[in-house]
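If you check TrEMBL, you get these features:
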DOMAIN    8-406  domain 'Enolpyruvate transferase'
BINDING   Lys22, Asn23  phosphoenolpyruvate binding site
BINDING   Arg92, Asp305, Ile327  UDP-N-acetyl-alpha-D-glucosamine binding site
MOD_RES   Cys116  2-(S-cysteinyl)pyruvic acid O-phosphothioketal
ACT_SITE  Cys116  active site, proton donor
Amino acid sequence: MDRLRIVGGQRLQGAVTISGAKNAALPQIAAALLSPYPLELTNLPDVTDVENMLGVVRLHGAEITRSAHAAIIDTSAAISKETSYDTVRKMRATVLVLAPLLARFGHARVSLPGGCAIGARPVDMHVAALAALGARVAIENGLIVASVPNGLTGTRIVLPSPSVGATETAMMAATTAKGETEILNAAREPEVADLAACLSAMGARIEGAGTHRILIAGDTNWHAASHDIIPDRIEAGTYAIAAAITGGQLELTHARLEHMASVVQLLEATGVSVWPGDRGLIVSRDRPLKAADLTTEPYPGFPTDLQAQFMALMCCAQGASLLRETIFENRFMHVPELMRLGANIKLQGTMALVRGGEKLHGAQVMATDLRASVSLVLAALVSEGETIINRVYHLDRGYEQLDRKLRLCGADIERLGA
Ligand SMILES: CC(=O)N[C@H]1[C@@H](OP(=O)(O)OP(=O)(O)OC[C@H]2O[C@@H](n3ccc(=O)[nH]c3=O)[C@H](O)[C@@H]2O)O[C@H](CO)[C@@H](O)[C@@H]1O
Ligand SMILES: C=C(OP(=O)(O)O)C(=O)O
């Protein structure tokens, strides 16, 4: 199993190309199953989650023509078959094939994703949304079994909370329903709006994506389509923090300020400068870091997917900061690992109190999930001496060529074989 070796102390300088958004790509690959016509996706990030999701649609009969950062997905010969636990276990987002399979074929069987590292992550809102559209949905022997012999019917769906995945499930299913569907309390994440843009390119008629109220016309006339995936705001935020933590300056090519307002606002509160450049965003720090508090929230609030990275940053700030995680109940697994590097953090329930300013020093640490792992990379960049990060496959799920991108900006980082 690959490991990363990082020797801290280099200020990062240069440009980083931000890849396409993993969390936008995954539902769009699933959405290809809705229509019998080919869907071309461009700006597709080269990460293992994307490969796994392409594998899932291939399992359902899709033909995929792959080129660098693009894929044409032809599902004209697709079938609905069971999506096994073995497939879902690798990546929870595979549950996103449930709605397209049900909508296109009238039946679907997808293994229940298990509780994972960052929380229990139930799928009750996905199930309720499909039931509201007229599907019979049951949980049988660890499978979500859904059927709707006479097709889905448009309706009003009120989500109990703005779940990203449940909004995407409801939106995809509603495109094939008879009549209009209204989703209230919808998630407003840019990835939801990008799925709507992709579905619209495929022929769907959707209004309001990116707001709390989405209207989907139903009865879509599908056609062949091409869609360019938005840049990854979480990858961009991660490199912004890399510039900040090392006291360097990075140009984040393709990063979009309009997707990152809460992140930029918080970084500025810590003394980091962020400004738009010709090709994206420029992030720089030449002053001591100030402590700042953070609460994770649904978009446009501060994303949970950047909480671990921000915690690494606060380990290097002057003063104490309070970080509150409100989205996932178990998203502090990076804390004991950051403490192995010398961080001073106290955990109480959903709060972490970080007392910054302790000198960090290299150690052996364990990656536990995608964002926890990258927070260890960030801390290692400023730790004295050598840090070895084990279980790097977590990083490969969502960061394209992380070690290479960092090395090109001056980091002392190498990938070690097993
Ligand atoms: C592939 C993808 O896009 N993943 C992102 C997506 O995950 P995902 O779509 O799984 O996240 P959700 O927005 O659905 O989850 C938010 C909260 O709702 C809960 N919940 C969700 C569905 C449900 O049926 N019942 C329920 O209780 C979850 O356990 C969690 O506590 O949004 C999260 C929140 O921004 C991000 O951290 C993930 O990176
Ligand atoms: C939690 C994440 O992904 P997923 O929802 O696919 O587990 C993430 O991208 O940080």
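Glycine is no exception: its Cβ is also placed from the backbone N, Cα and C atoms.
Here the features listed in TrEMBL are painted onto the structure.
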residue	record	contacts (Cβ under 8 Å, 6+ apart)
Lys22	phosphoenolpyruvate binding site	Pro45, Val47, Asp49, Val50, Asp232, Ile234, Glu235, Arg397, Gly398
Asn23	phosphoenolpyruvate binding site	Ala93, Val164, Glu189, Glu191, Asp232, Ile234, Asp305
Ile327	UDP-N-acetyl-alpha-D-glucosamine binding site	Thr296, Glu297, Pro298, Thr304
Candidates near ligand 2 among the binding-site residues Arg92, Asp305, Ile327, judged by a Cβ under 6 angstroms:
Arg92, Asp305
Any idea what DSSP makes of Lys22 (phosphoenolpyruvate binding site), helix, strand or coil?
helix
Additional residues around UDP-N-acetyl-alpha-D-glucosamine, ordered along the sequence, whose Cβ is within 8 Å of the centroid of Arg92, Asp305, Ile327:
Ile118, Gly119, Arg121, Val164, Thr304, Phe328, Arg331
What number of additional C-beta atoms lies within 10 angstroms of the C-beta atom of Asp305 (UDP-N-acetyl-alpha-D-glucosamine binding site)?
24
Taking a cut-off of under 6 Å between Cβ and any atom of ligand 1, tell me which of the binding-site residues Lys22, Asn23, Asp305 pass.
Asn23, Asp305
Take the Cβ of Arg92 (UDP-N-acetyl-alpha-D-glucosamine binding site) and count every other Cβ within 10 Å, whichever protein chain it belongs to.
18
What whole-number distance in angstrom separates the two most remote CA atoms of the UDP-N-acetyl-alpha-D-glucosamine-binding residues Arg92, Asp305, Ile327?
16
